[in-house]
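Chemist: Pulled the feature table from TrEMBL, pasting it below:
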- 11-227: domain 'Glucosamine/galactosamine-6-phosphate isomerase' (DOMAIN)
- D67: active site, proton acceptor (ACT_SITE)
- 99-126: coiled coil (COILED)
- N135: active site, for ring-opening step (ACT_SITE)
- H137: active site, proton acceptor (ACT_SITE)
- E142: active site, for ring-opening step (ACT_SITE)
Amino acid sequence: MKLVKVSNYEEMSKKASDILFDVIKENEKPVIGLATGSTPEGTYMELIKKLNGSDVDQNNITTFNLDEYVGLDKDHEQSYSYYMHENFFNHVSIPKENIHLLNGKAENAETEVEAYEQAIDEAGLDVQLLGIGRNGHIAFNEPGTSFDSLTHVVDLTPETVEDNSRFFDNLGDVPSKAFTMGLNSIMKAKKIVILIYGENKKEALNALLSGEVTENNPASILNNHEDVTIIADTAAIGE
Ligand code: GLP
């Protein structure tokens, strides 16, 4: 894993968007995996500028998102679908049919996760962008998730529900389940970029850098991938 140190949020966003944009330029039909959370918002702002200021044919870009809350409609303001449209898709011209988002309202969860995994396999992820939870979760893969996991439904831990409650009116409004790409699904990406920002992610970064690979720390699986870039700020690094 390669560690890129940055001194602030803007620098992290620029570096991350550079990597994504390079992958987009290098591939005739780029397939990019996207993440939600506060951390990648700046990356999307930068990527929007790069895409719209270039002659890249956005019709050739395909995207897959990591996860979605079970039970939230795609237009719900706290859904990841809504987040992605607000922060990225509404500002670029990637065709709707190329955008893959898990459907939080899917009637049949099994069909939903199988179709999603199959679509990932058919497309092949050129790059996957990730954030990280305080407990080392990536996407919504909580500690204890099998390294072999494919797209599936998870029960969120109380810690994750609490962390994400800042976006909801009440703690009780936060869904307790989510659809998520699995750890194995994420590892299929040719390249992985993980953003680790802020002092409250220090422990998660340390655990990742310790090199100990354990299902108790979902992010630790990244030690087994051959092309991972960690972009972390000085606060997360502890400098
Ligand atoms: C959620 C998402 C993760 C994200 C994490 C951290 O749990 N499912 O993909 O990495 O939040 O979010 P933030 O960047 O807001 O700290």
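Counting starts with 1 at the first residue shown.
Heads up, the Cβ atoms here are built off N, Cα and C, so glycines get one too.
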Chemist: Round to a whole number and give the Cα-to-Cα distance in Å for the pair E142 (active site, for ring-opening step) and N135 (active site, for ring-opening step).
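Modeler: N135 (active site, for ring-opening step) has its Cα 8 Å from the Cα of E142 (active site, for ring-opening step).
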Chemist: Identify, in sequence order, the residues in the chain of H137 (active site, proton acceptor) that are 6 or more apart from it along the sequence and have a CB within less than 8 Å of its CB; answer 'none' if there are none.
Modeler: P143, T157, T160, P218, A219
Chemist: Would you mind sorting out which active-site residues among D67, N135, E142 put a C-beta under 6 angstroms from ligand 1?
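Modeler: Those active-site residues that pass the cut-off, since their Cβ is under 6 Å from ligand 1, are D67.
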Chemist: Return the average pLDDT for the coiled coil (99-126) as a whole number.
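Modeler: Summing pLDDT over the coiled coil (99-126) and dividing by its length gives 98.
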Chemist: N135 (active site, for ring-opening step) has how many other Cβ neighbours within 10 Å of its own Cβ?
Modeler: 18
Chemist: Between D67 (active site, proton acceptor) and N135 (active site, for ring-opening step), what C-alpha distance do you get in Å?
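Modeler: Their Cα atoms are separated by 17 Å.
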